[in-house]
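Novice: For reference, the structure I am asking about is given below.
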């Protein structure tokens, strides 16, 4: 009887592959939904490491496990399955224990692919023992009688062990290839995620640069506003002084107008006085001529009296003229002097005011030019700020659209991952159900073999008697 050590050696290999199998689940979850649709249950079971794809294909794709076992066991009784009787069926096959690839290989290698004939008719998974016995009898009746080897004393041959080892090496190579594919897919996923992360970082950097430019523009705007406020204050002061000087100029102009009116009045008065003086001179000249004529005439008594009277009148006239002249001089000379002084002062003040106004105009010209330049700069800065805001709004809108696109892609990837996880869970449930069915079939296999041994021995005895009778 062969020991089950080669089969236990496969347990260590299976245990060494279990971490890789567990690590392959995130890779399956991270794949896209399109890739998930190409997976089938058989490939998923091969990725899990418990049942190989070739083993499942070898057992038959058109029927289930029960049909394959019955056809493999009863088509050729000479090549029966080896079962280790030193272990109890409950210990060897548990429902909770995953199916081992080595056990599947031990079941497969007993029957060659050329000897397996898969029935095309569908077979019900739950057959009664009587139906199984009927099929065995029909199969044995169609086959020639062959000697039944003793299953208890026939161990595994060296060729079977070599084939098992080769098959195990193939499984190990397949697992390593799957691990390489998993690493490659993880690397591709990382490479696919890197552009999105770089785009997000670039967007954040652009937003920070836009905020910096905005802050710098605001600082420049505040500085220009402060300069404009200072220039406005200076301009206000200059305007205030200009208005004050203009008021003084108007006052001086009014004084000059008043002085001109006084001058005209004095000129008119002087003309009147000159006319009166001329008239008085004419009258005096006439009287003088008359008196001279009287003097030239022969003197008479009346003439002496007239001469005395004329001398008296002449003296009175001279006294009157002197008094009137002195009165006029006393009355108008101070006013004339004051008017002359005021005229000179007004002329001098007017000249000073005109000089100051000219200086202020010359000083106001660069300020006006500077104010126009500052207004132009202010308009340019406002236009630049408007353009920067528009550009920032456009960039923010573009960044938002890109962010929405990336969020949409992220949602799609998440939905694909969820679909893949759900499919993986379904595959896991299918694998567990297949493993449970396989363990159930393995548990039922010894009983079916025992039931098949009795009809086979009876058929052999009948055939042995038939040649004797002949």
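Quick reminder: no glycine exception, Cβ is built from N, Cα and C everywhere.
Given the structure is predicted, the values throughout are model-derived calculations rather than measurements.
Checked Swiss-Prot, it gives:
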MOD_RES   32  phosphoserine
REGION    158-192  region 'Coil 1A'
REGION    220-297  region 'Coil 1b'
REGION    298-337  region 'Linker 2'
MOD_RES   314  phosphoserine
REGION    338-445  region 'Coil 2'
REGION    446-470  region 'Tail'
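Have a look at these and tell me how they're positioned relative to everything else.
Specialist: If you average pLDDT over the region 'Coil 1A' (158-192) in this model, you get 88.
Secondary structure by DSSP for the region 'Linker 2' (298-337): 37 helix, 0 strand, 3 coil.
Residue 314 (phosphoserine) has a Cβ environment of 14 other Cβ atoms inside 10 Å.
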Novice: Sequence-remote contacts (6 or more beyond its ends) of the region 'Linker 2' (298-337), Cβ cut-off under 8 Å?
Specialist: 266, 269, 273, 280, 284, 287, 291
Novice: Determine how many residues of the region 'Coil 1A' (158-192) DSSP places in helix, in strand and in coil.
Specialist: 35 helix, 0 strand, 0 coil
